[in-house]
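Q: Residues or ranges marked as transmembrane segment by TrEMBL: 29-49, 56-79, 110-143, 155-177, 183-202, 228-244, 283-303.
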Amino acid sequence: MSKTALDQTLTIDTVPAIPVSTVRDYFTLLKPGVMTLVVFTGAVGLLIAPGHIHPFLALVAIACIAVASGAAASINMWYDRDIDQHMKRTMNRPIPAGRVPADEALSLGILLSIVSVTVMAVAINLAAAALLAVSIGFYVFVYTMWLKRRTPQNIVIGGAAGAFPPMIGWAAVTGGIDLNSMALFMIIFMWTPPHFWALALFRCGDYAKVGVPMMPVVAGDLATKKQMLFYTILLLPVTLVPYFTGLLGLFYAATAAMTGLWFLRHAWRVLRNAEEKAPQKMFGYSILYLFVLFGAMVADIWLEGFIT
Ligand code: HEM
Ligand SMILES: CC(C)=CCC/C(C)=C/CC/C(C)=C/COP(=O)(O)OP(=O)(O)O
């Protein structure tokens, strides 16, 4: 190869690759993994609520919940870009990796927030739209901007954001809030601390590095594990409320009891340091648990219709 040709090859090969944003990067900004469970719990709220909604409107309401969840996540990624670039788990996200400009993530989040709340208000009802706006506001302002970097109780209070979706689905059908929809809210509210602290236990170093006062960083592992057990114990009776109010039947109650006891076993094993990967296993189980619990709600209603 001539020197000129070799130079050209070297020049072409050594030009640093300019990161190009792809549709996938923008989709990643919406935290699609979390969105799956948000959408699922929202859809369950809608499916088990008393009353009727046209299937097309049901799909519109669920789409609004999905879009709002993604919108809030995109604004969260914009705000947290300074700490995300230093944490192992988050450093390859589209903004810290330089694949998406930060202001575009913010614009996308604001645009999707406005679209989702407006469509919910116009096509569904004002109660569902108001709850949707509150959940976005809770995630963005209360959790991300106010509490996350200030207190180890950040996820207990801020976690309420993720507890709204079933209430929103319920309100889409009924136009309001009642004891049962509040019970659905409380289930996710109580579930969030063990869900998140299980992860925080094995990602503690990341949070300490960037100065985010997650519970294990501030109070230590033992205190965190005790609090996880506390919330997991409280969660069990809360999951049985829809059975005692008569909304759901025995199939649901039995599933809630069994899966809840298994969650408790995880919390106990984490507390006792039963194995090195106990927190990782509890985190994984927390996600499966919520899917199964909410799935059992729908199955219970279908079974009841089938039997009677
Ligand atoms: C303040 C409340 C919450 C916090 C701080 C939190 C935190 C987290 C974090 C940091 C991860 C990422 C794990 C990783 O990257 O390896 C995660 C994963 C996940 N979370 Fe949560 N979470 C919260 C509430 C919720 C809620 C309410 C839901 C849905 C109902 C949820 C569903 C999920 C799912 C499905 C995953 C696994 C998918 C994924 O990793 O993308 N989370 N959570
Ligand atoms: C309808 C609607 C608006 C729903 C969205 C609400 C929702 C799912 C909130 C959950 C909060 C959440 C996933 C926090 C992740 O923590 P983090 O942001 O600190 O996690 P990170 O370190 O991975 O960024």
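For all residues, glycine too, the Cβ spot is worked out from N, Cα and C.
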Q: Mark yes when the transmembrane segment (283-303) and the transmembrane segment (183-202) have three or more Cβ pairs under 8 Å (sequence separation 6 or more) and no when they do not.
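A: Answer yes, regions in contact.
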Q: Of the listed stretches (29-49, 110-143, 155-177, 228-244, 283-303), which one yields the highest count of Cβ-Cβ distances below 8 Å with the transmembrane segment (56-79)?
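A: Between the candidates 29-49, 110-143, 155-177, 228-244, 283-303, the best contact partner of the transmembrane segment (56-79) is 110-143.
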Q: Determine which residues of the chain contact the transmembrane segment (110-143) at the Cβ level, with the cut-off under 8 Å and only residues 6 or more beyond its ends counted.
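A: Distant Cβ neighbours of the transmembrane segment (110-143) are 57, 60-61, 63-65, 67-68, 70-76, 79, 154-155, 157-162, 164-165, 167-168, 171-172, 175-177.
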Q: Which residues of the same chain, at least 6 past either end of the transmembrane segment (29-49), have a Cβ under 8 Å from a Cβ in it?
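A: Same-chain contacts beyond the flanks: 58, 61-62, 65-66, 69-71, 73-74, 76-77, 93-95, 100, 105, 108-109, 162, 165-170, 172-174, 181, 184, 188, 247-248, 287, 290-291, 294-295, 297-298, 301.
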Q: Taking residues 6+ outside the transmembrane segment (283-303), which of them lie with a CB under 8 Å of any CB in it?
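A: Sequence-distant neighbours of the transmembrane segment (283-303): 37, 40-41, 44, 47-48, 166, 187-188, 191, 194-195, 198-199, 202, 239, 242, 248-249, 251-252, 255-256, 259-260, 262-263, 266.
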Q: For the transmembrane segment (155-177), give me same-chain residues lying six or more residues beyond its boundaries with a C-beta closer than 8 angstroms to one of its C-beta atoms, as numbers and ranges.
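A: Here the qualifying positions are 34, 38-39, 41-53, 57-58, 61-62, 65, 69, 72, 120, 124-125, 127-128, 131-132, 134-136, 138-139, 142-144, 146-148, 184-189, 192-193, 196-197, 214, 294.
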